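All remarks here apply to the structure that follows.
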Amino acid sequence: MALFTKRHNRGTRNGRSEVHPVDQMLPPGKLTAYGIQHIAAMYAGVAAPPLIVGQAIGLSPVEMTLLIGASLLTAGLATLLQSIGVWRIGARLPFVNGVTFASVAPMLAIVAQHGEANSLSIIYGSVLIAGVLAFLGAPYFSRMVRFFPPVVNGTVITLIGLSLFPVAIGWIAGQDPEAPDYASPVKLGLGAGTFLLVLLLNRFLKGFLNRVALLIGLVVGSLVAWPLDAVNTSTFAQAPIFNFPMPFELGAPSFNLTATISICIVMLVAMTESTADMIALGEIVDRPAGEQTIAAGLRADGAGSALSAVFGGFTCSAFAQNIGLVALTRVKSRFVVAAAGGVLIVLGLFPVIGAIVSLVPQPVLGGAALVLFGSVAASGMRTLGKAGLGDPFNALIVSGALGVGIIPIVAPEFYEHFPAAMRTVLDSGISTGCLVAVLLNLLFNSGRARKAELAAQNEDGEQDPLTALEEDSTSTVTDSEDVGAAGQDLGPVPVPEAERDNPRTETKTETRN
């Protein structure tokens, strides 16, 4: 008799397979509301890189609007690629793509080295090459997934959440510690109030309202901030109604070896983080990300980045804060994220609509983000619960990787004296922590992967049936009355009288001995 049987009926009454929550199509109203909630969580992250780079180059307000619109449009296209998928492109998970902040530092270095006149052209040429190389290298890079057992997964997911907390705190207090209003009572009050409101709404609201608790918190927080003069309406006043980004409108690509290498390094870091994000998201939505899924997702990163360079954007990668939103709301449908991608495209084409989203004060966004980013860290801890931390080696892997990964989070200038190329990797706590976790796992668990798996099973009170059979076949049994079926530690198990008097049973016992 087989130990395990394949179940063809997935639990439905008519025998048809259920639709996985990731593939579930929601009503249009819910799709739109959930999609807008994703936009609210990511908008500041998409708009910040073009703002910073545009200011460094000295773009005019009109050119700045074009740059932000291009970033929004290409983020929407990349998000659609990831969530809907085309051929072997796209992870087909609720995965939001946007401009990666890791590219800001090398782009500012390009501006400083080549001047304002040629910087955008060199940046676009470098991003185009990096995107194409990422697309071609995705199948090879995706093989890293075999090095991500639960002990590595959980560590990296936890680091993703922890690394985002400084972003939320910066949104609440402000980015410049020297500014007069840095961490002012109004900012801290708005952040704390929104934080508590989002928690309470998640606790007491039910159904659809519970799923949009974050959006409600942002709207209420913004309304409270309005009479306190904490809402900046200048962007809304200057935004044009419609703009369609044309290919190479802000500059035709030109190529520089040093700049291309620096952006390619950023792309490698982004691919590492995207791999970790896909694994994390797969855990959250109960659809584990294997090699094919990760390869398809990385192809979308590469294609999105190359497409972004054509229309005036920058390198594209996963947005970890939206993974936190999936964990918090428990809405797993990838079509919700596809709706968010469609909204991003609309925001890119109609800047005046995008400016409405920018009305949300950063302290309000930061208060809500604390809950989001905490959800990511909590998901990592839940994964670590499956990692068999009772094994001292696994505990050592987690402690070592967290210790190294948290350095850039608590001390951003820790690697200040390292070369710029190395700092691109070292300044990312996710990248360093991921690398250390993988290496430590190879060091401590190479050749003992089976033992690590058994440790995790034993913590859950389970035993591998194959191991039980091996132990039974290799153990030396001298007398059935000395060692019963319950094992040596539980003492003898009495043999039934019918078997004791049965000569056939005695013959079997003698043969076994």
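One-based numbering along the chain as shown.
Every residue, even glycine, has its Cβ placed from backbone N, Cα and C.
Some features that TrEMBL has for this protein:
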COMPBIAS  1-13  compositional bias 'Basic residues'
COMPBIAS  459-473  compositional bias 'Acidic residues'
COMPBIAS  497-513  compositional bias 'Basic and acidic residues'
REGION    1-22  region 'Disordered'
REGION    455-513  region 'Disordered'
TRANSMEM  40-58  transmembrane segment
TRANSMEM  64-81  transmembrane segment
TRANSMEM  93-115  transmembrane segment
TRANSMEM  121-142  transmembrane segment
TRANSMEM  154-174  transmembrane segment
TRANSMEM  186-205  transmembrane segment
TRANSMEM  212-230  transmembrane segment
TRANSMEM  250-271  transmembrane segment
TRANSMEM  335-357  transmembrane segment
TRANSMEM  363-381  transmembrane segment
TRANSMEM  393-412  transmembrane segment
TRANSMEM  424-444  transmembrane segment
Query: Sequence-remote contacts (6 or more beyond its ends) of the transmembrane segment (186-205), Cβ cut-off under 8 Å?
result: 171-174, 213-214, 216-218, 220-221, 224-225, 228, 230, 328, 361, 363-364, 366-368, 370-371
- prompt: Is it true that the transmembrane segment (121-142) and the transmembrane segment (335-357) have 3 or more Cβ pairs under 8 Å, skipping pairs fewer than 6 apart in sequence?
  reply: no
Field: Same-chain residue ranges lying at least 6 outside the transmembrane segment (363-381) that approach it to Cβ under 8 Å
entry: 40-41, 44, 153-162, 164-165, 167-173, 186-188, 190-195, 197-199, 202, 214, 217-218, 221-222, 225, 230, 280, 283-284, 320-321, 323-325, 327-328
Task: Spell out yes or no: are there three or more C-beta pairs under 8 angstroms between the transmembrane segment (250-271) and the transmembrane segment (40-58), with each pair 6 or more apart in sequence?
output: no
Dominant neighbour of the transmembrane segment (64-81) in 40-58, 93-115, 335-357, 393-412, 424-444, by Cβ pairs under 8 Å: 335-357
Long-range Cβ neighbours of the transmembrane segment (335-357) (under 8 Å; 6 or more residues past either end): 24-26, 30-32, 34-36, 38-40, 42-43, 46, 65, 68-80, 82-84, 94-96, 235-236, 239-245, 322
